Amino acid sequence: MKSHNAPITKVGVILRPSSPELKTTFLQIKEELNNAGIEVILESISGGMIELLGRDFHQLATQCDALFSLGGDGTLISMLRRAFEYELPCMGINTGRLGFLTALMPQNLHTFTSHLKSGDYTLQKHLVLQARIYSTLNTAYENNLDNKNQTPTQTLIAINEFLISKHELSGMVHIDASIDRKYFNTYRCDGLIIGTPAGSTAYNISAGGSVIYPYCRNILLTPIAPHSLTQRPLVLSDEFMLEFYAKERAKLIIDGQEMIDIMPSDRVQIQALPQSAMLMYPPTRDYFSVLKEKFKWGEEH
């Protein structure tokens, strides 16, 4: 969605953890934004890292018009999850390596500051997945599929993907999958990615999944090292509600950043949320040019 967006006059900034070397870059970015009439507030944990004052995340999210991350895609994804409930636009300034989701490099910010102040930027909506964990101890599988009133023990969101992975180093994980409460398949594999289009260029692509245009509303199912060659990646509409049982102890990994244990007595219910994560980009950004650059498509080898 281009132009006619709210002008940005105050931004909160979060830095990649354990990166005190970002202090110089942050101060340069702060100066550029201040010169454009945009106030900059640093998050308190980031501030402690570089010995500057900051405010806690809730203050940032409630007082600022937008949030900027300084780091790579991982820093941006972490910030998006934290900012999701506040419905704030977010932008990534890339100091990492690949940077599919980040908007620009620090040295290019000066070309974009006037656009921020006038509201001339692109605001893209990214699908977000929610996982609910239900304990089904001593209850039959079929009965629990119909138990709509059960309270989840945990509720989580993912920007890129949820990964159900084997708990031990050896062996496979066996995962029963249902779509809209109907048994669909048993995956025998090292792990199963339940991903978003934005995450299709992350772990999903390494596991043989398709690249999906990031602003589509799809859910990706991609098995990792499946036991059977017929277990292929699957792209679904966002309307489906998915449920998974791991038949042995397993791990649920969220965006590669958090991990929880799941037991054979746990049911993992995953579906797309109607609310989206909002990412800001310069109005000139072209996704296919980004793909071409990052994957080096069209180059002679």
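Cβ coordinates come from backbone N, Cα and C, glycine included.
Sequence annotations record features per position, and here Swiss-Prot assigns active site, proton acceptor to Asp73 based on sequence analysis. Sequence annotations record features per position, and here Swiss-Prot assigns NAD(+) binding site to 73-74, 160-161, Arg188, Asp190, Ala198, 201-206, Ala225, Gln257.
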Worksheet entry | Residue among the binding-site residues Asn160, Ser206 whose Cβ has the most other Cβ atoms within 10 Å | Asn160
Worksheet item: So, in DSSP terms, is Asn204 (NAD(+) binding site) helix, strand, or coil?
Response: helix
Worksheet item: For Arg188 (NAD(+) binding site), which residues in the same chain are close in space, meaning a Cβ under 8 Å from its Cβ, but six or more apart along the sequence?
Response: Met172, Val173, His174, Pro226, His227, Ser228, Gln231
Discussion item. Let me spell it out: for each of the binding-site residues (Ala198, Ala202), count the other Cβ atoms within 10 Å of that residue's Cβ, using every protein chain shown. Which one has the most?
Written reply: Ala198
Worksheet item: Residues with Cβ closer than 8 Å to the Cβ of Asn204 (NAD(+) binding site), same chain and 6+ apart in sequence?
Response: Glu161, Ile193, Gly195, Ser210, Leu220, Thr222, Pro233
Worksheet item: Cα of Ser206 (NAD(+) binding site) to Cα of Asp73 (active site, proton acceptor): how many Å, rounded?
Response: 16
Discussion item. Which secondary structure state does DSSP assign to Arg188 (NAD(+) binding site), in the simple three-class scheme?
Written reply: strand
Worksheet item: From the Cα of the residue listed as 'active site, proton acceptor' across to the Cα of Ala198 (NAD(+) binding site), what is the distance in angstrom?
Response: 11
Discussion item. If you count other CB atoms within 10 A of each CB, which of Asp73, Gln257 wins among these recorded positions?
Written reply: Asp73
Worksheet item: To the nearest whole angstrom, what is the C-alpha distance linking Ala202 (NAD(+) binding site) and the residue listed as 'active site, proton acceptor'?
Response: 10
Worksheet item: Expressed to the nearest Å, what is the distance separating Gln257 (NAD(+) binding site) and the residue listed as 'active site, proton acceptor' at their Cα atoms?
Response: 12
Worksheet item: Between the residue listed as 'active site, proton acceptor' and Asn160 (NAD(+) binding site), what C-alpha distance do you get in Å?
Response: 10
